[in-house]
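S.K.: Feature list, courtesy of TrEMBL:
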type: TRANSMEM; residues: 77-97; note: transmembrane segment
type: TRANSMEM; residues: 109-132; note: transmembrane segment
type: BINDING; residues: HIS129, HIS279, HIS283; note: Zn(2+) binding site
type: TRANSMEM; residues: 144-164; note: transmembrane segment
type: TRANSMEM; residues: 176-194; note: transmembrane segment
type: TRANSMEM; residues: 242-261; note: transmembrane segment
type: TRANSMEM; residues: 319-339; note: transmembrane segment
Amino acid sequence: MASVVLERTGRLFISLQQIQEFPRMLTQAAPSMPGTVRDTEVPHYFRQSFVFTGYRPLHQHWRYYFLSIFQRHNETINIWTHLLALFIFLFKLLQLSAEVDFVRDPHSWPLLVLLVSSLTYTACSVAAHLLAGKSELCHYTFYFLDYVGVAQYQFGSAVVHFYYSVDEDLHRQVQGIFMPVAMVFSCLSCLGCCYGKYCNHDQPTLLHKAGQLIPSVLAFLWDISPIAKRLMFPADSQDPAAIYHLSQVVLSLSTTFFFTVPVLESCFPGWCDFMGQSHQLFHVCISCFTLSQIHSAHLDFMGRRKLYSRLHQSHEAALFARLYMANSVLCVLVVTFMLRKVRQMLDQKSKSK
C-alpha cells in the first residue's frame with residue numbers, strides 16, 4: 001500500500017515539474033518572439049478604436065502567431081474567451097450525447113445542428129483573432145472565415161427555434177417560408193460582414209459596422225421570432241425553458257450594445273489595450289447567449305416532443321440538416337467571391353507603391 005502511495009506521489013511530483021518547465025520550454029521553442037507594436041506600425045484597418053498598443057507585427061513565421069496565444073497582446077482575451085467557450089460547448093455536446101440519441105432519433109438533429117454551429121463559430125472566431133495579424137491577406141481571409149462561422153450559427157439558431165420552440169399558430173403562418181427566409185438572411189449577413197470589412201480599407205469604420213450589424217440584426221429578429229411570440233403569449237406559465245429564452249433576449253441586447261459601442265476604451269483611451277475592450281465583453285455575452293440557447297433547446301426537445309412531432313413531418317429534421325450544410329456552402333462561396341475582390345485590391349495597392 002505504501003509503495004502505491006509513493007508511486008502516485010512520485011508521478012504527481014513529475015507532473016508538477018513538467019508544468020513548471022512549460023514556460024521555459026515555450027521560450028526555447030520561440031527564443032526570439034518579437035514584442036508587440038503600436039497602432040501606427042500596422043495598417044489602419046488592423047487598428048481598433050481607442051486601442052493604441054499591443055498589436056502583433058506582421059509577416060512573422062506562423063509559429064509566432066500560434067504561440068502568441070500565450071503572449072500578452074490586444075487579442076489575447078478575445079482568443080481565450082471563445083477558446084474557453086469552445087471547450088464548454090464541446091463538453092455540452094459530450095454530456096448531451098450520453099442522454100440523447102443523435103444517431104437514431106431524427107428529432108434530435110436540430111439540437112445537433114445547434115451544437116455543431118456553436119462549435120464552428122467559436123472555432124472560427126479563435127482562428128480569426130489568433131491568425132489574422134500575419135498579413136493583410138490573412139487579415140481578410142480569417143475574418144471572412146469568422147463571418148462564415150457567424151452566418152452558419154445564425155442559421156443553426158433558426159433551425160432549432162423553428163423546430164422546437166414554434167407554436168401552432170406561428171407554424172401555420174410561416175411554415176413554407178421560415179427556413180428559406182432564414183437562409184437568405186444568413187447569406188446576406190455573411191455578405192454584409194465581408195463587404196463591410198472589404199470597404200473598411202478606404203471607408204469610415206461606421207460603414208464597416210453598418211454592413212455587419214444591419215443584416216445580422218435582421219437575421220436575429222427573424223430567427224428568434226418563435227421565442228419572442230412564446231414569451232409575449234405564454235401558453236404555459238410553468239414553462240421551464242421560459243427563463244432561458246428570456247435570458248437570450250436580454251443577452252442579445254447586451255451583445256448588440258457591446259459589439260456596437262466601445263464603452264470603456266472610449267472613456268479611457270489607451271487603458272484597455274489588453275483588457276476591458278467592448279469586443280471582449282461581446283464575446284462573453286454571445287457565449288453566455290449560446291449556452292442559454294443550448295440549455296433551452298434541450299428543455300424544449302425533452303418537454304415539447306408531442307407538439308413538434310405533430311407539427312413537423314418525419315423527413316423535416318433531415319431536410320433542415322441538409323439546408324444547414326447547403327447554407328454553409330453558400331456562405332463559403334460568398335467568401336470566395338469576396339476574397340477575389342480582396343486579392344485584386346491588394347494587387348492594385350502593391351502596384352501603386
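Placement of Cβ uses the backbone N, Cα and C atoms for every residue, glycine included.
Unlike curated entries, TrEMBL annotations are predicted automatically.
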S.K.: Looking only at residues six or more beyond either end of the transmembrane segment (144-164), which have a C-beta under 8 A from one in the stretch?
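M.R.: Residues 110-111, 113-114, 116-118, 120-125, 127-128, 171, 178-179, 182-183, 185-187, 189-190, 193-194, 197, 216, 219-220, 222-227, 290, 293, 297, 300-301, 304, 308, 312, 316-317, 320-321, 323-324, 327-328, 331-332, 335, 338-339.
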S.K.: Would you count the other CB atoms within 10 A of the CB of HIS279 (Zn(2+) binding site), including those on all shown protein chains?
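M.R.: Taking every protein chain into account, the count is 19.
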S.K.: Beyond the listed site residues HIS129, HIS279, HIS283, identify every same-chain residue whose Cβ lies within 8 Å of the center of their Cβ atoms for the Zn(2+) site.
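M.R.: Once HIS129, HIS279, HIS283 are set aside, the remaining close residues are GLU75, ILE77, ASN78, ILE79, THR81, HIS82, SER125, GLN277, GLN280, PHE282.
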S.K.: Neighbour count, 10 Å Cβ-Cβ cut-off, for HIS283 (Zn(2+) binding site): what number do you get?
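M.R.: I get 25 for this one.
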S.K.: So what sits near HIS129 (Zn(2+) binding site) in its own chain, CB-to-CB under 8 Å and at least six residues off in sequence?
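M.R.: When sequence neighbours closer than 6 are ignored, HIS129 (Zn(2+) binding site) has GLU75, ASN78, ILE79, HIS82 within Cβ distance under 8 Å.
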